[in-house]
Amino acid sequence: MAERLLQASRQRRVKAMTAAAGSAGRTVVPLLLCALLVPGGAYVLDDSDGLGREFDGIGAVSGGGATSRLLVNYPEPYRSQILDYLFKPNFGASLHILKVEIGGDGQTTDGTEPSHMHYALDENYFRGYEWWLMKEAKKRNPNIILMGLPWSFPGWLGKGFNWPYVNLQLTAYYVMTWIVGAKHYHDLDIDYIGIWNERSFDINYIKVLRRMLNYQGLDRVKIIASDNLWEPISASMLLDSELLEVIDVIGAHYPGTHIVKDAKLTKKKLWSSEDFSTVNSDVGAGCLGRILNQNYINGYMTATIAWNLVASYYEQLPYGRCGLMTAQEPWSGHYVVESPIWVSAHTTQFTQPGWYYLKTVGHLEKGGSYVALTDGLGNLTIIVETMSHKHSKCIRPFLPYFNVSHQFATFVLKGSFSEIPELQVWYTKLGKPSTRFLFKQLDSLWLLDSSGTFTLELQEDELFTLTTLTTGGKGSYPLPPKSQPFPRIYKDDFDVDYPFFSEAPNFADQTGVFEYFTNIEDPGEHRFTLRQVLNQRPITWAADAYNTISIIGDYKWSNLTVTCDVYIETPEKGGVFIAGRVNKGGILIRSARGVFFWIFANGTYRVTGDLAGWIIYALGHVDVTAKTWYTLTLIIKGRFSSGMLNGRYVWTNIPVSFPKNGWAAIGTHSFEFAQFDNFHVEATS
């Protein structure tokens, strides 16, 4: 029997030597062949002297902000397919961690996400889509780690100040209710909670939050801080023993694979709690491949979390297509499984949180790096990357030059790994289409006759995973529908009695929050509307506008007619608008240009060339008051625009030379209640 096994091993070894890389044309051969061809250094993988740090996982961020906005509107089966590529084990990215924004009503990069508490006495745990997303992730991977982090906060917490630490108990209570609500209403256990994304932390607040969580029986919820830089949080922890005790993880953003001395001295877990943020081309994939290895090698970071999960927002918003994959067309069903999905899979499919890095990890002699992880039960996963400088630049920080060149890398398995008979091999080559491969399984590598030694021939921009696990898989579905522009004729009457989501499809709130609303006292045409529900400016994270605005449509639209019924709720000071050719959004929303048609409860109208109202094209009086429905129509054609109130022209042929194109939009003059109904846009070009 033993003889037959050895003979089979030798036959498999010959096969590995001659066709180890399959159709990919790569060479994965035992040392005995390569040692005769090239000197090259040997890299020992050994657990005899113990193991390195515990691995905590690879994940991604939904939010910060509104990055998953369009995903929820996708029709089935495409929405489920996208979710499978992100979360389903051994299928695609197979993420270990999902980090979501705790909606705070403010603009947080690409839009606003609604708070579960708009007002002091208000609680609603069904707003937005992060609850739904976490449940879908858990459905696919019950072991996925869930994290929550605020970017903005509802204004009432600040008591007149743009600051969340005015009342520490109140802010801690607000965050605690989100965690409790996740469990009570959605059966979701939040594992980690953050402080304030990329903004100041308050030492006393962190302590108050820990005490409040413990008091509520949430001892198992860990605190990560401060989701900014390594300092000053690390030094603060070293100087304050109580702070050191209550913080479980130090999370830094875009660390460039490096840490500071103080962070290591805390002896806490170190995470890159937001990273990547790069267009999901092959360069973005190269960035991700490099940092997933080198965040640990250079900086002892045991988790890396990519911003963002899926580029599911209008592409012309800031950081378009900076997700692991792209899903920005719910109207067509089109999506793209981008290369960062498969780069993630090289690590995520062959490791799990709770595995350990080996101490023997490092850089390759001629550029690139390698890590190895084990579950302590005999399994071993090795990830080797050779991402070139040119093809692995992340959006931030600056990447000092380095060189990667053709090399032969010999690996020697020692300790408990010396008897491993076989390694599965997965391969990615980024770059030219003619030589490009994404997460391709090659023939396995047999080691029985090579004393646990093997050599890889490595070129630039490659990823190899060698693993004892046989469960990896490259999932696939039939191609989704072809890409289509946003429909040129689009209508929404908001007549939804029990909406599954709080926001209307395709509307992307950029300041303020627009939600489905039921007028209990109006049995007629306007029983179901879309309502702007904030009456107070939030504690902002970005430069929110002073007006509220929600955009929709195709950024390329130039000639269009927008019609909408509007209802001002605030007497005297209230005002609403409809707009076209809106050219900016996200963190740039305050400086948005376009054509804006406003009416006010004081009986005036205004036409402006910008959201802020500095560029005035026309103004005058109209018969308008609060608490009455009106129909506004905005017509933009070429270099001219006109506007109608209840079907009658208020102004005609006003010249509008800039901008040439942009989204349609609705909004209010300030943070005030107002309603919208029977939205209709027709674009001719």
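Here the Cβ of each residue, glycine as well, is placed from N, Cα and C on the backbone.
What TrEMBL says about this protein:
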- Glu198: active site, proton donor/acceptor (ACT_SITE)
- Glu274: active site, nucleophile (ACT_SITE)
- 55-349: domain 'Glycosyl hydrolase family 59 catalytic' (DOMAIN)
- 357-472: domain 'Glycosyl hydrolase family 59 central' (DOMAIN)
- 509-683: domain 'Glycosyl hydrolase family 59 C-terminal lectin' (DOMAIN)
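For the domain 'Glycosyl hydrolase family 59 central' (357-472), the DSSP counts in helix, strand and coil order read 6 helix, 53 strand, 57 coil. Counting in whole angstrom, the residue listed as 'active site, nucleophile' lies 10 from the residue listed as 'active site, proton donor/acceptor' by their C-alpha atoms. Put plainly, the active-site residues Glu198, Glu274 were compared by Cβ crowding within 10 Å, and the winner is Glu274.
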